[in-house]
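Asks: As annotated in Swiss-Prot:
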- 1-24: signal peptide (SIGNAL)
- CYS48-CYS82: disulfide bond (DISULFID)
- CYS54-CYS75: disulfide bond (DISULFID)
- CYS62-CYS80: disulfide bond (DISULFID)
- CYS66-CYS81: disulfide bond (DISULFID)
Amino acid sequence: MGFSPKTLVAFCWTVLFIISFVHCLPMTHGGKPGYGIERTIIRPEWRCYVDEGCPKGQGAPCEKNCKNVADYGICIGIKCCCFDVIPVPPT
């Protein structure tokens, strides 16, 4: 028995979906995908500065400015903080 074209197409889409999902996961300090097991803690080497847009809820300029020095940017209160790994808050 062979595989029908419908089965092959479904299999290929499934493989493509799984590969793209794993590829898009945030990276941890060890350089492997973050599956939610390891938690990132706030590190002192974060670079933070006061940003006028953060209190107004405008995080896009913060993200854009941080791309020059790090991977991500996030507004924390009135400060924009740049960092290299997406933080996971402790539960």
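Including glycine, each Cβ sits where the backbone N, Cα and C put it.
Fair warning: this is a prediction, and the values are worked out from it, not measured in the lab.
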Asks: Express the distance between the Cα positions of CYS62 (disulfide bond) and CYS75 (disulfide bond) as a whole number of Å.
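Replies: Answer for this pair: 7 Å between alpha carbons.
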Asks: Sequence order is fine: just name those disulfide-bonded residues in CYS48, CYS66, CYS80, CYS82 with a Cα within 10 angstroms of CYS54 (disulfide bond).
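Replies: Hits: CYS80.
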Asks: Tell me the coarse DSSP state (helix, strand, coil) of CYS54 (disulfide bond).
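Replies: Looking at the DSSP assignment, CYS54 (disulfide bond) belongs to a helix.
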Asks: Of the disulfide-bonded residues CYS48, CYS75, CYS80, CYS82, which sits closest to CYS66 (disulfide bond) by Cα distance?
Replies: CYS82
Asks: Taking the Cβ of CYS81 (disulfide bond) as the reference point, list residues of the same chain whose Cβ is under 8 angstroms away and which are at least six residues distant in sequence.
Replies: TRP46, ARG47, CYS48, CYS66, GLY73, ILE74, CYS75
Asks: Please state whether DSSP places CYS62 (disulfide bond) in a helix, a strand or coil.
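Replies: Helix, per DSSP.
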